[in-house]
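If you check TrEMBL, you get these features:
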- 88-171: domain 'Tyr recombinase' (DOMAIN)
Amino acid sequence: MFYYSSKLFGLRGVDEHKHLNTDQFDLGVDQRGKYINFKGRASKTYKGGLNQRHLSAKNIKHYFQNDELYEIYEYYFQLVGSLKGNCFYRRPLDSKNGVKFGEQPIGVNKLSSIMKTMCADAGVEGYFTNHSGKRTCATTLYQAGIPEQEIMNRTGYRSVESVRKYKRAADDMLKDIKDISNVLEPEAIPFKKNEM
């Protein structure tokens, strides 16, 4: 959940993740297909207040190109939806009867190192931090030719200069929100509900 929430919504390292709540997400279906809507809150680049009255928190609608990722989010919300509180990240429990999560949220220390741990466990070499998810989001969109303003909307960067660090040459510019969603997802994900 951490990786895809970082990549799809361009979430910052720890600050956006540690305050993430399940009520910030809505799953749905419309004429374009299945989607997840993310409603952001205060973050490093958006704290609200008079100085930022012209800014708004992220509000991202991501359309799924494959049903498996939609089903992963749907299943996760089913599992954590019955728990007390609305914290998004919950401690996984050892269970012989499938996937289960505890009432306790994942701690800030665990969240701080989760990307590094995931990459090491997967055998991916390099230097990875939680910011790598946001960087992956921006770079992937740039390589696909998504306009700078759309990348700023998705990642929360406020300046074009910040976004241009990720710029790569692209021949075609995609313009539809469904195209943007398709760029961020893998082509297929093998998913079994009891192996999450």
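Keep in mind that glycine also has a Cβ here, set from the backbone N, Cα and C atoms.
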Number of helical, extended and coil residues in the domain 'Tyr recombinase' (88-171), per DSSP: 40 helix, 10 strand, 34 coil
Mean per-residue pLDDT computed across the domain 'Tyr recombinase' (88-171): 84
